[in-house]
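Everything on this sheet refers to the single structure shown next.
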């Protein structure tokens with residue numbers, strides 16, 4: 001021990017917005033987008049614009065549905081406080097404390113103002129998982145053994161199963177069902193793209209509506225945690241308050257985009273089918289369809305022979 005704390009220990013750090021899984025998903029979808037852009041020059045006329053719009057719009061829907069599964073900013077909150085840094089010490093530090101809640105866990109950040117205070121670098125970002133294959137209480141106990149700063153342990157303790165706040169189960173179940181419905185939305189998004197390529201346009205529009213419905217269900221599932229009585233996370237007279245983060249609003253925006261796109265496809269199918277076929281590059285060339293022979297050439301030798 002060095003001055004009562006462990007001087008070296010492996011830290012479980014994880015970015016509160018992006019992590020390795022998020023980057024992998026983005027790279028995969030960017031690869032699909034770049035591959036499509038390579039074949040765009042081979043499409044002629046206005047169909048090139050329609051193909052570009054359809055593919056890029058569909059890829060945006062798909063990447064958001066998958067990426068928000070791994071982001072950690074469904075619910076966020078920041079507060080600037082003067083608080084104790086270590087247990088059994090009267091030293092106070094000025095720091096920003098952040099709480100970032102995802103579907104599978106919570107990130108707690110502590111950043112000093114300035115970063116270097118009390119002869120230490122105060123810049124922590126600790127992740128505690130409550131997914132079904134993880135033990136949140138065990139992660140919290142490991143944080144105690146490693147000697148994490150008191151503000152991080154104080155916030156993390158609010159989410160333990162033994163906490164009087166009793167919010168661990170609510171967050172865990174809500175995040176689990178929100179994640180499950182998003183995976184179903186991803187499956188229906190894949191089915192809609194298959195139906196559009198077959199092509200069965202109206203059924204593809206129906207599946208986009210189903211995709212939007214499951215995305216809204218995931219938001220409703222996560223929002224149920226706001227109905228529970230939250231314990232105040234208080235540092236002196238300052239309270240850390242949280243609100244819906246970027247991932248929540250992004251999921252809502254893409255859900256509404258899927259709904260509007262599905263409604264548009266279904267409406268055009270019943271009221272303007274030609275326009276819908278034109279947008280999906282399915283309209284037959286009427287000039288060829290109704291082409292008539294305007295002149296007939298007859299071989300005179302053949303006629304005389306008859």
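Even glycines carry a Cβ here, placed using N, Cα and C.
Look at TrEMBL and you will find 16-43, 49-70, 202-225, 246-271 tagged as transmembrane segment.
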**Study point:** Residue numbers, six or more beyond the limits of the transmembrane segment (246-271), whose CB comes under 8 Å of its CB atoms
**Key:** 17, 57, 60-61, 64-65, 68, 71, 73-76, 102, 182, 189, 201-202, 204-209, 211-212, 215-216, 218-219, 222, 279
Check your understanding: Cβ under 8 Å to the transmembrane segment (49-70), counting only same-chain residues 6 or more beyond its ends: which ones?
Key -> 19, 21-22, 25-26, 29, 32-33, 36, 40, 43, 102-104, 179, 182-183, 185-186, 189-190, 193, 196, 211, 215, 247, 250-251, 254, 257-258, 261, 278-281
